[in-house]
Amino acid sequence: MHQVDPNLTRRKGRLAALAIAAMASASLVTVAVPATANADPEPAPPVPTTAASPPSTAAAPPAPATPVAPPPPAAANTPNAQPGDPNAAPPPADPNAPPPPVIAPNAPQPVRIDNPVGGFSFALPAGWVESDAAHFDYGSALLSKTTGDPPFPGQPPPVANDTRIVLGRLDQKLYASAEATDSKAAARLGSDMGEFYMPYPGTRINQETVSLDANGVSGSASYYEVKFSDPSKPNGQIWTGVIGSPAANAPDAGPPQRWFVVWLGTANNPVDKGAAKALAESIRPLVAPPPAPAPAPAEPAPAPAPAGEVAPTPTTPTPQRTLPA
């Protein structure tokens, strides 16, 4: 008989116990691992691999830009409107717009002065005032150029002493009235007035002639300068204009309706030719106001009553006194 080694039995028992313990531990680990895995976060999605995808022929769309608010469309533009042509005609005016103000050609001019003595009216030039013309032998209106404001209220302003304007009717006091045409009358008037106001030796220079039109009434003007022999004197200047209609040949024609303007100046205070022309063309005949209407006829007095219808005047009987016998 074989004798069993007691140590071998004990070793086998120990090995069996160790094997049982190892199996129990393995089962515990197998059960615990799934529980621990379920508590972890979800795994990240797999990264797509571009290498495996086929190349695309279409370009990728660009990233959207930041949106910008479009400008407000013009009122007259349409969605399909083309750019405007710089050479195109301007659009027609709005038919509902108010028309521009129309200035009447015969509108009264500002600061208009009536001259009853000469029978005309005129527009006062800017910067000029009317002066006293009572001591003048020729003309009925005298204008002076102001050089400043009046020193005190109610007093006339200071005026220049080297320039003046004379206006009046071209009557028989002036030799120029005998000239049949306005151009000859203006030249004659300029020559006579030049000798009267500038009686110094000299030479006439820079002579001019200008046509005038005063609201349909024709006229003419003459201008020249005088270079005096005395070099200390500034050149004199004179502008003369005649406007109106000369006398007609008809026996029943009225007096001639012609007026004149004489503008005197110097090189230090020259004649304003444009203002002189405007002054002459502003002359208008002074129309007398219409006569006052005749008074209405008085109501007739009532007719006297017929004689048969006159009521008798009551009379009081005179008392009679009886005398004693």
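Placement of Cβ uses the backbone N, Cα and C atoms for every residue, glycine included.
Here Swiss-Prot gives region '3 X 4 AA approximate repeats of [DA]-P-N-A' for one range in the set 85-107, 154-176, 223-245: that range is 85-107. Screening THR36, THR57, THR181, THR266 against Swiss-Prot annotations picks out THR57 (annotated as O-linked glycosylation site). Record note: of THR49, THR209, Swiss-Prot gives the feature O-linked glycosylation site to THR49, with no matching annotation on the rest. Cross-referencing THR66, THR313 with Swiss-Prot, the residue annotated as O-linked glycosylation site turns out to be THR66. Within the model, the region '3 X 4 AA approximate repeats of [DA]-P-N-A' (85-107) shows a mean pLDDT value of 63, rounded to a whole number.
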